[in-house]
């Protein structure tokens with residue numbers, strides 16, 4: 001599949017209300033903002049590289065009552081429409097969501113202020129997963145390297161500056177996570193931490209199950225824990241993005257499912273970068289009650 005010139009590696013991000021986004025998304029913004037959510041929609045919300053595919057597979061396994069075969073019905077990106085996704089002439093995320101029967105499970109990377117207003121007015125359920133900023137930064141760097149529809153990230157040192165300044169696609173990690181955290185009690189939001197999911201997947205999966213209004217036997221929950229492990233998902237063609245053309249995601253540069261660990265940032269950050277990041281983190285996150293685990 002050849003990429004149109006405007007989707008070449010040199011693609012520049014555009015902005016909506018100061019938030020950098022991929023150009024086709026911005027060009028399709030009016031359709032995204034007027035999207036009509038339904039009261040029984042469940043929206044999976046994450047900052048990029050925070051366990052989106054993982055939580056999607058968990059939610060789908062719960063929805064399908066642990067039936068692995070049903071979860072193999074199609075690739076994961078087709079099961080839960082990505083509402084801000086746009087790649088003309090293909091159907092947009094909104095088009096795919098509109099064609100889906102209720103109840104719908106959808107996904108987004110949008111910060112709270114850019115979410116289509118109908119999600120709030122319909123009091124939808126939101127499932128948010130947050131990952132510590134350092135690991136998120138590293139994982140996003142490798143994704144930027146292999147993604148052929150994002151700008152070239154440059155060197156790690158260059159990308160470090162881009163990330164801390166919020167100039168990556170979907171904007172600042174700090175603002176994104178804080179935004180969702182601050183409204184968690186005002187709406188139907190289940191706020192989970194990637195690190196908790198790694199530490200005790202069964203407990204966190206049970207939280208998701210209860211949030212979805214499902215009641216599955218313990219043996220089914222144990223099966224879901226096994227089937228949604230990183231090792232299983234990395235080998236699963238329905239979740240590992242191996243079907244995505246190399247012209248979009250070049251997994252010879254870096255695999256889509258790379259490590260899935262906590263603390264990999266220590267293999268990338270210099271001492272000086274870590275000290276600087278900690279200082280910036282204190283400034284930006286000092287006023288919140290958010291606490292992240294940086295290593296297990």
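Just so you know, glycine gets a Cβ as well, placed from its N, Cα and C.
Residues or ranges marked as active site, proton acceptor in Swiss-Prot: 109. The 3'-phosphoadenylyl sulfate binding site feature in Swiss-Prot is assigned to 49-54, 131, 139, 194, 228-233, 256-260. The substrate binding site annotation in Swiss-Prot covers 107, 108, 109 and is backed by similarity to another entry. The phosphoserine annotation in Swiss-Prot covers 139, 254 and rests on similarity to another entry.
On the structure: features taken from Swiss-Prot.
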{"residue": "49", "record": "3'-phosphoadenylyl sulfate binding site", "DSSP class": "coil"}
{"residue": "107", "record": "substrate binding site", "DSSP class": "strand"}
{"residue": "131", "record": "3'-phosphoadenylyl sulfate binding site", "DSSP class": "coil"}
{"residue": "139", "record": "phosphoserine", "DSSP class": "helix"}
{"residue": "228", "record": "3'-phosphoadenylyl sulfate binding site", "DSSP class": "coil"}
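By the criterion of other Cβ atoms within 10 Å of the residue's own Cβ, the least surrounded of the recorded positions 107, 109, 131 is 109. Residue 49 (3'-phosphoadenylyl sulfate binding site) and residue 108 (substrate binding site) have their C-alpha atoms 12 Å apart, to the nearest angstrom. For residue 231 (3'-phosphoadenylyl sulfate binding site), the nearest of the recorded positions by C-alpha distance turns out to be 139; the candidates were 107, 108, 109, 139. The Cβ neighbour count for residue 108 (substrate binding site), using a 10 Å radius over every protein chain in view, is 24.
In the structure as shown, the Cβ atom of residue 139 (phosphoserine) sits within 10 Å of 23 other Cβ atoms.
For the substrate site, the Cβ centre of 107, 108, 109 serves as reference, and the other residues of the chain with Cβ at most 8 Å from it are 43, 44, 45, 46, 52, 82, 83, 84, 106, 110. Contacts of residue 228 (3'-phosphoadenylyl sulfate binding site) defined by a Cβ separation under 8 A and a same-chain sequence distance of 6+ are given as 54, 57, 58, 61, 201, 205, in order along the sequence. Separation of the C-alpha atoms of residue 131 (3'-phosphoadenylyl sulfate binding site) and residue 108 (substrate binding site): 15 Å, rounded to the nearest whole number. You'll find the Cα of residue 109 (active site, proton acceptor) roughly 9 Å from the Cα of residue 52 (3'-phosphoadenylyl sulfate binding site). Take the CB of residue 231 (3'-phosphoadenylyl sulfate binding site) and look out to 10 A: across all protein chains shown you find 10 other CB atoms. Residue 52 (3'-phosphoadenylyl sulfate binding site) has 107, 108 nearby among the recorded positions 107, 108, 139, counting only those with a Cα within 10 angstroms of its own Cα. For residue 139 (phosphoserine) paired with residue 107 (substrate binding site), the C-alpha to C-alpha distance reads 19 Å.
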